[in-house]
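According to Swiss-Prot:
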type	residues	note
ACT_SITE	Cys331	active site, nucleophile
ACT_SITE	His431	active site
DOMAIN	250-439	domain 'GATase cobBQ-type'
Amino acid sequence: MPALMVVGCTSHAGKSLITAAICRLLRRQGWRVAPFKGQNMALNAYVTASGGEIGYAQAFQAWAAGVEPTIEMNPILLKPQGDMTSQVVLKGRAVGRTLAERYYQDYFEVGWEAICEALEQLQADYDWIVCEGAGSPAEINLKHRDLTNLRVAKHLQAPTLLLVDIDRGGSFAHLIGTLELLDPDERSLIRGFVFNKFRGRRELLQSGLDWLEERTGIPVLGVIPWIDRAFPSEDSLDLMERRRRKTQAEVTIAVIRLPRIANFTDFDPLESEPSVQVRYVGLQDELGYPDAVILPGSKTTISDLLDLQRSGLAQAIRDYAAAGGTVLGICGGFQMMGQHILDLEGTEGIEGQFEGLHLFPTQTWFTAEKTLRQRQTTARSPQAGLPITGYEIHQGQTRLDSDSEEFLPIFDDPKLGLCDRNGNLWGTYLHGIFDNGAWRRAWLNSLRHRRGLKALPTSIGHYQAQRDDLIDALADAVEPYLNLSPLLTAL
């Protein structure tokens, strides 16, 4: 069946977004398209309808293709936990932790088998597969055990686009160097070059493009301009670049940039609000006095909690809350807000009982069992009756110490989260909570009320519609500058 692959000379070349754009462009032509990434290393994850865990980037690409995300689209997900260890998620399920030096010894064979099984299923279900590589396909020390780049392209005999980030400089050297390091059978799969993130006029680049085509015999199929839109990021390093100030912002929200922050795509809907300035605060930064503080999810909640305490930021958050500030915790952040976290089995690698922030009268117990599921519920606060969707990804269960009337469930299912009666403290296990437009606006209005600001309308839809518009804008921005015709005609 037809398949394309996108690989990059480096990490952060833009592979994920270009893959998403191609998925949307093929969908517009009437094809049923599946994205695929054999192995992804990321802390942003999504739970499929079947209860499996995949990288959020592959879920985003599936939405670009207009299909439901499935575990076959990302059969191996590695979730870094620090100290050169990662949790291994195989076919949607966590199967253990591994050291980097042990991973390929323990998982290479079973991983390649999972990749082949996933591709076979996708070939049966879809017209096209658009594959994304990882990092660079030319890492000499890793090529013999690379599961996700040109091994996949060779398996599918997929024509491959080699993508380079021209904004970094050295793009011609990157392209030529990558080609030189590929084996002949790998090099034969490279059918086109794509320059990404170009700022300037193409005619100033043309002499270099002509030289490249003459030198390699491979056509340049795209020179894609810099796209100045806020698309989902896979790497927390990208958060450091999100410093754009909104002149019309009336509310400021500080998201704590934990060392192992996870699922920070939760905040894309907040960043889409023109009146909201989202500021990512590192452990060495001043908290200040924003309108709200959010403690996000974490892949290693205990380690991040200890780092938060050592930095002094934990005390700053407690002082902020004591002064009447609003604090919201999601998943690991919710767990941190309690009295204690107990990990008696060393699920995260550190055994013991650990002091939380003492903002909620809750205790959290970690167990080896991981909760993975999509959820539908109804809100009780800040506005009752709102339909809510989201998903859970967590290890551990949280219990309220007492039947205190000071704390109320946020949703019909009280296990999903709680808040205090004053609306200052919020905690939930639900990822994607801000995707629910009416709930997001109701929560923001509680912050605006304290500032004496006019309430925002709450009769808005789910963020899914905005995300789809964003994907359309991405495809519209890419289409004039990416010539897929030679590949599509050949296939």
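Note that Cβ sites are derived from N, Cα and C of the backbone, with glycine treated the same way.
Cβ neighbour count for the residue listed as 'active site, nucleophile' (all protein chains, 10 Å cutoff from its Cβ): 25. DSSP gives His431 (active site) a strand state. Counting every protein chain shown, 27 other Cβ atoms lie within 10 Å of the Cβ of His431 (active site).
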